[in-house]
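Record features, source TrEMBL:
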type	residues	note
DOMAIN	4-83	domain 'Agenet'
DOMAIN	85-142	domain 'Agenet'
DOMAIN	166-234	domain 'Agenet'
DOMAIN	237-293	domain 'Agenet'
Amino acid sequence: MADAHFEVGDEVEVTSPIHNMRGTTFPAKIVAKSRTKSKFKVEYNRAKARIDRKIGGGHKGGNAALREEVDAALLRPSPPRESDYRFKLGDVVDAFFCGGWWEGVVVTDVLVDNTFGVYFRFAKEKFEFEPEELRLHREWVNGSWIPPLQQGDVLDAEEPKIRMKEELIEGTAVEVCTDEDGFQGAWFAANIVEVMEKDKFLIRYKAIKTDDNRELLTEEVDAKHVRPRPPKVVVAGSFSLTEEVDAFYNDGWWEGVIRKVLHGRRYKVYFKGTDDELLLQHSDLRPRQDWIDRTWVMASQALKH
């Protein structure tokens with residue numbers, strides 16, 4: 001696409017040049033023209049900055065938005081979307097999470113919780129998404145969308161505002177932490193039984209039982225110790241040295257950092273909260289995400305001492 005089609009202030013999407021993020025685009029805004037006519041300076045949101053450090057090993061700034069120069073060939077306009085489209089099996093779609101749109105295929109029709117199963121070829125895994133987190137996949141070729149959008153079936157061309165489930169109500173699946181010694185940095189799966197007054201919830205754990213081991217533990221917790229269940233994140237390849245992760249053991253997800261990468265997709269993981277180190281399998285880990293301003297963002301890669 002010709003450079004003249006883009007101006008400072010335009011909302012665009014940037015195609016990732018990173019191999020294990022093929023088919024991924026990130027919303028951004030053009031903030032300046034480069035001295036090189038074939039490049040523009042763009043600004044991403046914090047979620048993109050976090051995942052760029054995680055997968056690409058690049059920018060290592062703080063929580064500020066990420067700015068970088070990109071080739072004009074990697075830019076495209078923010079695509080419009082169909083109104084009231086009903087996704088179906090076999091649809092090639094883009095799924096929104098971790099600050100970007102990831103290409104996949106619908107392989108499971110509407111499930112009981114009104115979600116769709118989307119398979120990512122590059123990760124060889126399936127994940128579930130709500131309709132609002134999906135759009136039909138299209139390519140921007142010579143100034144046109146392929147396949148073309150049908151007139152009358154288009155929403156506003158601005159980037160859709162995708163929000164994660166934020167409302168914590170009775171029955172919501174959540175994770176709960178505690179300030180108790182020996183459990184710092186651990187999150188345990190639970191469901192909200194009752195929304196109480198003064199920023200409190202009555203929750204029932206999914207794996208922790210009462211002292212007599214006869215039933216699941218139910219207790220009252222402060223809202224500051226409760227967060228929604230984090231979305232699943234595609235892990236293409238292996239975790240990296242110093243990468244922040246959650247490790248599943250002792251019925252919970254414990255915040256740790258990769259201290260050593262071993263053969264056979266095994267890792268030594270250090271837990272700052274308990275000053276322990278464990279040898280764990282790849283399947284025991286997930287990328288660490290933080291619940292910030294009602295949005296899930298990837299944790300920074302570097303271990304802060």
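Each residue, glycine too, has its Cβ placed from N, Cα and C.
Quick caveat, the model's predicted, so the values are computed rather than measured.
The DSSP breakdown of the domain 'Agenet' (85-142), given as helix, strand and coil counts, is 3 helix, 31 strand, 24 coil. Note on the domain 'Agenet' (85-142): mean pLDDT across this stretch is 84. Across the domain 'Agenet' (166-234), DSSP helix (H, G, I), strand (E, B) and coil residues number 3 helix, 35 strand, 31 coil.
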